[in-house]
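Structure record follows, encoded as structure tokens.
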């Protein structure tokens, strides 16, 4: 596969020479995701995917077909986006993809934790799964004795997974550095059936691949799929997808950009690993949850009924209210956000604390509106400074296109747009998010205008409805079931869980509870003294240092980080996602 793509991109250049050099390099698909170490790269596709035999053969067949029909042209390339591996049965004139059975059919999806994971890894995995569950109809259930088709999370040498359901035990590696919630969300997205965003057939409309800066033998990692290989369920391309490559994916020096957004204001948006975007969620809901809600969709501004709770709307970022009719509530100790009316005179918005510096953990949402025949002009003023990173982590986001459900321009660092920006319609959404740094912030002004704006295609309308109830009412739960056995015998390394059943169509609250368990410290490993003593031998075979001190240090019963042994019990002052017994 790599050799064919290399030949198509570079002609007579010798692949084996490039591969020999490139195989020694670690690679990265986003600055916000840990690197893939060189010893794993021969086994992974696009940096973090284990392909099935069928998937690999389909990609090879597609490459060979393109090579035959387009020898004089250049191979199309693009960027990672959430795409499905299978097609729906109702698509006329189109067969199922070879991997149609990669869709999960049995719910809840069972998963278990390997003993290699510590409690902090487990906490972050649970947080990521809860984000998927609260926004989709997909449900997960922890079962340490799982059999049949199930996911096993383990600590491998990096972050990687498979695309879609393989059958039987299916691993997701959450190695060191992969504990970030957005990274885990990304890998679970693969397991549910999502490809990288830039793999979409329409990616080249939004992204340009700069092959001069790509590690040569990895040019294959930028190929697009055809419409016959994947389906997007008519969900638009999303430059803010958690599944998208970053700007420097597979870069020869990890600094030069290999992906350029056609709209330069999106350049620092791609590659985020914070959380799911609105269209990440919608894609999974279209694939798995279509028709779960039977009620009329009265959600506004691109929102739709939440298949996890059909009495509520899933709203695009920046929108809130019961029907997505207003601005989303802000999260800040400082007053910010609101719904504002643009008039002919300039009005001003600024970040909390401007210009003396914004606090951390701030989310502000503004919805600006004017009359329907008018537009909104926005211009930045005075000093500008937002924590700088190649993919914006802290940012001001401007949603000013025709599609306010899609991710907007995310702007950070110290160069503000010089010219005024004009919205495509009578609404504009402004989001300020700060989680990492403290910097100057921003100040902007806005007013209504009749100036023209460049527009993008509008979206198809979505209609969803609510499910038939088995018991009249809502929030009727069964009693909690019995606690499962603890996954580990000691050291506060394990968890136990219990389940309850929702007896109505909708229930608020959690289906499964977790507890950290077996908080007694683990007994001393009898091998500890041998290992410690051996590590103290000098090169000439004589004993170095003071082995007695080392032996005493490993004679205490042990606990899993971040717990410490206090009188034989494992304790910690750090806040955890999993309640302690």
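Backbone N, Cα and C atoms are what each Cβ position is placed from, and that goes for glycine too.
For reference, Swiss-Prot has these:
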DOMAIN    97-290  domain 'Peptidase M12A'
DISULFID  137-289  disulfide bond
DISULFID  159-178  disulfide bond
ACT_SITE  187  active site
DISULFID  293-313  disulfide bond
DISULFID  315-324  disulfide bond
DISULFID  336-364  disulfide bond
DOMAIN    474-523  domain 'TSP type-1'
DISULFID  486-517  disulfide bond
DISULFID  490-522  disulfide bond
DISULFID  502-507  disulfide bond
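Annotated features, which come from Swiss-Prot, shown on the structure.
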residue	record	contacts (Cβ under 8 Å, 6+ apart)
137	disulfide bond	285, 288, 289, 292, 307, 308
159	disulfide bond	33, 34, 36, 48, 173, 174, 175, 177, 178, 183, 186, 187
313	disulfide bond	299, 303, 304, 305, 306, 322, 323, 324
364	disulfide bond	330, 332, 336, 337, 351, 352, 431, 432, 433
486	disulfide bond	494, 495, 496, 517, 518
502	disulfide bond	476, 477, 478, 511
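Around the Cβ of residue 522 (disulfide bond), 18 further Cβ atoms fall within 10 Å across all displayed protein chains. Among the disulfide-bonded residues listed here, namely 293, 315, 490, 522, 293 has its C-alpha nearest to that of residue 507 (disulfide bond). Nearest in space to residue 293 (disulfide bond), taking C-alpha to C-alpha distance over the disulfide-bonded residues 315, 490, 522, is 315. Summary for the disulfide-bonded residues 289, 293, 324, 507, 517: the Cβ-based neighbour count within 10 Å is maximal at 293. Mapped onto DSSP helix, strand and coil, the domain 'TSP type-1' (474-523) counts 0 helix, 16 strand, 34 coil. The two recorded residues, residue 522 (disulfide bond) and residue 315 (disulfide bond), have Cα atoms 47 Å apart. Residue 336 (disulfide bond) is surrounded by 20 other CB atoms, counting those within 10 A of its CB over all protein chains shown. Between the CA atoms of residue 315 (disulfide bond) and residue 490 (disulfide bond) there is a gap of 43 Å, rounded to the nearest whole number.
In the structure as shown, the Cβ atom of residue 178 (disulfide bond) sits within 10 Å of 23 other Cβ atoms. Of all the disulfide-bonded residues listed here (315, 490), it is 490 whose C-beta has the fewest other C-beta atoms within 10 angstroms. The DSSP secondary structure for residue 313 (disulfide bond) is strand.
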